[in-house]
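Annotated transmembrane segment per TrEMBL: 13-33, 99-118, 138-165, 186-216, 328-349, 369-394, 406-430, 451-476, 482-503, 547-569, 575-593, 646-666, in sequence order.
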Amino acid sequence: MGTMLLPDLGMEILIPACAVIGIAFSLFQWFLVSKVHVSADKTHHHSSVGGGDDKNGFAESLIEEEEGINDHNVVQKCGEIQSAISEGATSFLFTMYQYVGVFMVAFAILIFVFLGSVEGFSTKNQPCTYDSTKTCKPALATAVFSTVSFLLGAVTSVISGFLGMKIATYANARTTLEARKGVGKAFIVAFRSGAVMGFLLAANGLLVLFITILLFKMYYGEDWEGLFEAITGYGLGGSSMALFGRVGGGIYTKAADVGADLVGKVERNIPEDDPRNPAVIADNVGDNVGDIAGMGSDLFGSYAESSCAALVVASISSFGVNHELTAMLYPLLVSSVGILVCLLTTLFATDFFEVKDVKEIEPALKKQLIISTALMTVGIAIVSWVALPTAFTIFNFGVQKEVQSWQLFLCVGVGLWAGLIIGFVTEYYTSNAYSPVQDVADSCRTGAATNVIFGLALGYKSVIIPIFAIAISIFVSFSFAAMYGIAVAALGMLSTIATGLAIDAYGPISDNAGGIAEMAGMSHRIRERTDALDAAGNTTAAIGKGFAIGSAALVSLALFGAFVSRAAISTVDVLTPKVFIGLLVGAMLPYWFSAMTMKSVGSAALKMVEEVRRQFNTIPGLMEGTAKPDYATCVKISTDASIKEMIPPGALVMLTPLIVGILFGVETLSGVLAGSLVSGVQIAISASNTGGAWDNAKKYIEAGASEHARTLGPKGSDAHKAAVIGDTVGDPLKDTSGPSLNILIKLMAVESLVFAPFFATHGGLLFKLF
């Protein structure tokens, strides 16, 4: 078959080394961020990085006196607000993790019982599924190890989300304080903090997965098929936590946001993030728990699943049959090179070029995507050349297919570039620098109704190119390397995950920074700077969601292929009624799920609006600014609502595959998976782009940067009010149902794959009766 250039030992050193480098780099970035001081007791609390000596410090304080840089009061206020936001976010996540922990244990028991019962809990070795001449470890072992890897994935996912939230709440006030020195300094702090999260998450996910494989190998020995089947639990754990993080966090953040906007901006005519608004702290907490913790868990889940899907297919291909460990772990090698590439890319934004002007922010973030993609293409070429045999075979629904190593390189590359295309299309449709958003802003002249119509049309239209990009990458990668090709294409899209997450986490951090500037009563100029950072952040958040959705589509297709192979279905025939009813029901599920999440946001927002109105009406001196609002009650409303409301949508996603598999069997389940994939991707892309466009249309009118924007009014004009309504409608679309849908698609697929042995032996009870 041809040998690999990279020996196994080299691979076993390279992967953990890259992970450790990633973790070290993120800690270094954290250290740089921590040099900005938020306490007022330092003599030079205004010293910038490197402004240590007295002369420098003295000169600086003279220049920047006008910005109020020596105002101890402001610094102290920022510190207080920051700790309030941090406490709110921490307490919410702990409450959520308690509920989710109970679910985790219950589900782990379920995995063990279902998978153990495949062979009646026998401890004898069994003939292998794909090659009956060899013996494999018993199903009971798979049950135990799947349960362990499920718990590992879940814990890693929770930690990823939690660390991201901690970093974001640590960095938000620091970004605000740096904004007094100029937009470039603030950008670097926000971006560095995003990078901390991106690298920690990518490196952690890689390291835990690698160590798990090595440890499981000590038991499984030569039985790789069973080993990598047990590893799929890792992806399931990662995504099931992401689901609750995304849905719970999304409901939390949008209940607060919608409540704060409706009463504050529309009824009372006070600016966004005004400290008199009781829901303002809850709103800023929400940005961290939904957009940061949720996003972190979500992308970690995608990453874990695409690795698992690739490994499962590889284990029954020539890599697994001939026990070529380096080639087997090709997916992990791609990710480790990705960490190194992203490390280099990050330096371009923070060290090689400096952002000096507001107009340079978005291009700087776009360059990140382009540089990382270009460098990664080279990286993949090297890995494919070093780690793969020149020719090998890939399992393709019962037959082995001959594949060359360059074809596999093209599969990864096509996924990588499709991700870039999706990112750019998303940017075009959601950034207020281009005509689509400006048209939506323009339609606000005639009121909220036209704004909503234009926004919805924009969202539907923005689906076209991403779907073509996904379709082409599926076709190319499948024709080259069957299902394995699709799995590595998904990995290609996620290989630059550290950069993707850095520009994604940058959004909520700068959003929070703007809120803190407003609440601490900083000057108008500083608020303008943070608004510019925030508008770019909205776009990058939409790009991040585009990546998450595109990769989810590829990942779930790869998982679907692995499931079909594992459940021993040779073809999925749409014309059989069993499959067709599955398709219909599967296509309906994203709508059912969206209905649940939207309604949850609506009802939670209703409670919030009532509470905010009550406080404005009953607390004397609140509007005048002499009395303080009761922030804690609003935080509590959001927390209670989101914990209560995240359970039904979560249950819908987690139980559907189990119910369908047990009652209707694997054919119907394969229909359900295909249906939910096809309809979920469309709704997810259109929802998150519509919401992002409405938000930026509002920002466009508020900033008044162009002649056109100034004609639409200052804040408080009729057009601006219409834009605020559009933004409020779009909030649950872009931050709750849209981003959660990609988890629905992946989670159902990976769950079906984990339970495939059980469904194949005991599933389809209803059809067996007749």
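Cβ coordinates come from backbone N, Cα and C, glycine included.
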Revision key, fill the gap. Contact set of the transmembrane segment (186-216) with the rest of its chain, CB cutoff 8 A exclusive, min separation 6+ beyond the ends, reads 12, 15-16, 18-23, 25-27, 29-30, 32-33, 36, 145, 149, 152, 156, 159-160, 163-164, 167-168, 170-171, 174-176, 178-179, 227, 230-231, 234, 238, 292, 296, 299-300, 303-304, 307, 311, 329, 332, 335-336, 338-339, 342-343, 346, 349-350, 354-355, 361, 364, 497-506, 509-510, 513, 529-530, 533, 537
Review point. So which of 13-33, 328-349, 406-430, 451-476, 547-569 is most in touch with the transmembrane segment (369-394), counting Cβ pairs under 8 Å?
Key: 328-349
Check your understanding: Same-chain Cβ contacts of the transmembrane segment (646-666) under 8 Å, 6 or more residues past its ends?
Key -> 96, 99, 103, 107, 240, 243-244, 247-248, 251, 567, 569, 578, 582, 585, 589, 592-593, 596-597, 600, 672-673, 740, 743-744, 747-748, 751-752, 755-756, 758-760, 762-767
**Study point:** Stretch-level contact, the transmembrane segment (328-349) and the transmembrane segment (13-33), CB cutoff 8 A, at least 3 pairs
**Key:** yes
Review point. Who are the long-range neighbours of the transmembrane segment (406-430) in its own chain, taking Cβ under 8 Å and residues 6 or more past its ends?
Key: 330, 334, 362, 366, 369-370, 373, 376-377, 380-381, 384-385, 388, 436-437, 458-459, 461-462, 465-466, 469-470, 472-473, 476-477, 480-481, 484-486, 488-496, 538-539, 542-543, 545-547, 549-551, 554, 689, 692-693, 696
